[in-house]
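**Q** This is the feature table in TrEMBL:
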BINDING   TRP166, GLU176, ASP196, LYS198, 267-278  substrate binding site
ACT_SITE  HIS276  active site, nucleophile
Amino acid sequence: MSVAVNEGEDAMDASDDALKGFVLEKVLDQGKWDPRSRTASLLGRLDDRAAILLLEKTHFEPSFFEEVGSERLFSQLRDIGQNDVYRWLLGWRRRRSLHDAASASNSSNNARAPADFKMTLIHPASETHVAKYSVQSRFMINETPELYEKIVLPFILSQPSSRIQWVYNILDKKKEADSIIYEDPDPETGFVLLPDLKWDRKTTSSLYLVAIAHDRSLRSLRDLRPQTETPAHARLLRKVQSAAATAARGTYGLDKEGASGIRCFLHYQPTYYHLHIHILSADHTSHPGSIVGQAHLLDDVIDLLTLGVDFRKRTLTYALGERSELLALIKTSGALSP
């Protein structure tokens, strides 16, 4: 079967009435399970027959980026948090058409309408930040215990403490103290639990919490010891999982029993070298950090520690971006797999 495709103004004019008469019956999906997709699926009637309409927000235009920072773009900005070099904002776009202006004026308070954008401002931004948020090719690394001891551990130890000052600010209650929803003060098995600022704290399907260990000697998965050697480490992870499940249900209303509603994992390599655990709704499947090659499920880590597995002796495989400082060191050492 052949399909004729018309291009140009005639095709655009002919499409003006394409949705005329569409009557909404049900919202099938509004990105509930995939909040980063910015899509929606609608069920309705058109010409007295069932119709499904799939909506997707388009990409930003280059002209939009050029206006960021000018008074033309946003009518209002609101701070929702700040910690060290990180600042989080909500933004309402300035209405330009008569229809948009009328819609805005009908609201008793523009700030009560949903924000058009949620933004993270990193300032001053380091070269590490620039690399992290740049599009880049990835390389898979097989990190043997020898590679860890020779290249990776010295790299970790060389990181200035200023890179995780924002973490210490949270642990010391200097920042985000009012966001902490649970704390276990034990110096070995304790932690703080709080919402990640990338989450809106309302949409349970995209729930995102983070647990940060009090033990500052724990930098990553490599520092966790088997239960036969250091029982406190497995105990810490179990306590995190239990507290996270309780908070997800009790504080945020997640309607699933036990820990079945949450996905808990550690990153290796992590973004920052202080042990922390990511807690997401089990329905939140679009998080870029939950992919194979970075995320290690908390249940699996606990099980391995209980079985006596020593992470110092394991080969761990992960992906690094081409602009990664660590990748450059691994390449220089000649340890990159052919």
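Every residue, even glycine, has its Cβ placed from backbone N, Cα and C.
TrEMBL entries are annotated by machine, without manual review.
From a predicted model like this one, the values you see are computed outputs, not experimental measurements.
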**Q** How big is the Cα-to-Cα gap, in Å, between HIS276 (active site, nucleophile) and GLN269 (substrate binding site)?
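**A** Approximately 12 Å lies between the Cα of HIS276 (active site, nucleophile) and that of GLN269 (substrate binding site).
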**Q** Tally every other Cβ atom lying within 10 Å of the Cβ atom of GLN269 (substrate binding site).
**A** 21
**Q** Under 8 Å between C-beta atoms and at least six apart in sequence, can you list the same-chain neighbours of LEU275 (substrate binding site), or say none if there are none?
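**A** Those within reach of LEU275 (substrate binding site), by Cβ under 8 Å and sequence separation of 6 or more, are ILE212, ALA213, ASP215, LEU218, ARG219, SER220, ASP223, LEU224, LEU266.
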**Q** Near the Cβ of ILE277 (substrate binding site), how many other Cβ atoms are there if near means within 10 Å?
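**A** I count 22 other Cβ atoms within 10 Å of it.
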**Q** Near the Cβ of TRP166 (substrate binding site), how many other Cβ atoms are there if near means within 10 Å?
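**A** Taking every protein chain into account, the count is 18.
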**Q** If you count, for each of the recorded positions ASP196, HIS267, THR271, TYR273, HIS276, the other Cβ atoms lying within 10 Å of its Cβ, which residue has the minimum?
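**A** Across ASP196, HIS267, THR271, TYR273, HIS276, these recorded positions, the one with fewest Cβ atoms within 10 Å is THR271.
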**Q** So, three-state DSSP: helix, strand or coil for ILE277 (substrate binding site)?
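**A** Assignment for ILE277 (substrate binding site) reads strand.
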**Q** Three states by DSSP: which one describes TRP166 (substrate binding site)?
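**A** TRP166 (substrate binding site) sits in a helix per DSSP.
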